[in-house]
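Working notes, structure below.
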Amino acid sequence: METKVARLTEENLDHVILEEAGQVIKEGGLVVFPTETVYGLGANALDEEAVKKIFLAKGRPQDNPLIIHVADFDIEKYVKEIPAAAKEIINKFWPGPITLILEKKDIIPGVTSANLSTVGVRMPSNKVALELIKASNTPIAAPSANISGRPSPTDLESCIEDLNGKVEYILGGNESEVGIESTIVDCTSEPLCILRPGGITLEMLKEIDKDVYIDPSVCSKPKEDFKPKAPGMKYRHYAPKAPVKIFKGEIKKTIAKINEMMLNYIENEKKVGIIATDETMEKYNGGLVKTLGSRDSLNDVAKHLFRVLRSFDSEDVDVIFCEAFDETGVGLAIMNRLNKSAGFDIIEIK
Ligand code: TXA
Ligand code: MG
């Protein structure tokens, strides 16, 4: 298939292109588009055949449900009930990087929701995404626009790398603002339950429900037979080609430990990648060091995380050592993605 690529940003909306891409969605095709979290791979959420194409293009397991993206607050067409806490989340955080899990109506086909009784709904804030949804005149089902298992794409080039030739259209240009996927909150649960941490943090959700809690699958390695509430959380994720090891401890000791372990690798002629921060990047005695940004701005760290993880794939490293972050605020989401990319290979430094 020939893929059309159109550079299109929020500051530079081209309505002719948006109409054309909207028409592709209406006709059952696939369009990659930017959102404030990561780029999405979209199809008409109400069209079974179109949604099946998403799973094929990504190589995504069928049992992993999709999030539907809306541009209109009137979501009663798609869900049975909107509990009070869900209404508050919508009022406070939509449009924005948070997905609500709600009981679905039959209009949402089984393929979209992987035959669950619920569906994830999100209104993105990115104007290209909103305009595309409006032009399509239908909710758009969209997972992250990567081949399954790879880090999610936060720029146009990564989308082209993964999906060129597999979709009708790729739209975008700017780097995603948040850089990690939306927070997912189960609103059918009382108290609320966070299934995937993201830019809207636990601390922010506590203002709506003081008892909100984090699903156990977020923080620990799932057991073989474990069925997490967000089916996607059981798969290895966000993984570069080289294995990732996370070093967790006081930062000075972390640097010393990484330098020490690196020596063994270098003696065995192995190439080491290091994921560091602005404050620490000068302190390594070798290796290919990349920074995520300053430790003072975890939002920047989140924004750069997937791009840096992906960038090691073209560097031919044998292993990637990565510093850990405090699990407060958006740090929880950063560590969730890092732990998964490392398959929970965590070295605790005493
Ligand atoms: O920020 C985002 O959410 C991005 C952009 C494109 O909007 N989308 C995204 O989709 O991250 P995806 O498919 O890569 O991740 C969706 C996650 C999966 O882990 C899936 O299992 C979970 O959401 N999920 C979807 N529907 C669910 C449901 N009904 N119940 C529980 N988990 C659900
Ligand atoms: Mg994904």
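All positions are counted from 1 along the displayed chain.
Cβ coordinates come from backbone N, Cα and C, glycine included.
Just so you know, TrEMBL annotations never went through curation; they're auto-generated.
Taken from TrEMBL, the feature domain 'YrdC-like' covers 15-200.
For the recorded site, HIS69 (L-threonine binding site), the DSSP three-state label reads strand. Among the features that TrEMBL reports, L-threonine binding site is placed at THR37, HIS69, ARG122, ALA142, SER182.
Taking a C-beta cut-off of under 8 angstroms and a sequence separation of 6 or more, TYR238 (ATP binding site) has the following same-chain neighbours: ARG150, PRO151, SER152, PHE306, LEU309, ARG337, LEU338, LYS340, SER341. In the three-state DSSP assignment, the secondary structure recorded for TYR238 (ATP binding site) is coil. The annotation ATP binding site is assigned in TrEMBL to ARG60, ASN64, THR118, SER144, SER152, ARG196, TYR238.
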Inter-residue Cα distance where the pair is HIS69 (L-threonine binding site) and ARG60 (ATP binding site), in Å: 19
Where the C-beta lies under 6 angstroms from ligand 2, the matching binding-site residues among THR37, HIS69, SER144: SER144
Listed binding-site residues with Cβ under 6 Å from ligand 1, out of ARG60, ASN64, ALA142, TYR238: ASN64, ALA142
Integer Å distance between the CA atoms belonging to SER144 (ATP binding site) and ARG122 (L-threonine binding site): 13
Minimum Cα separation from HIS69 (L-threonine binding site), reported as the residue among binding-site residues THR118, SER144, ARG196 that achieves it: SER144
ARG196 (ATP binding site) to SER182 (L-threonine binding site) - Cα separation in whole Å: 8
Check: same-chain CB within 8 A of L-threonine site center, minus THR37, HIS69, ARG122, ALA142, SER182: THR35, GLY40, ILE67, PRO97, THR99, PRO124, ALA129, GLU181
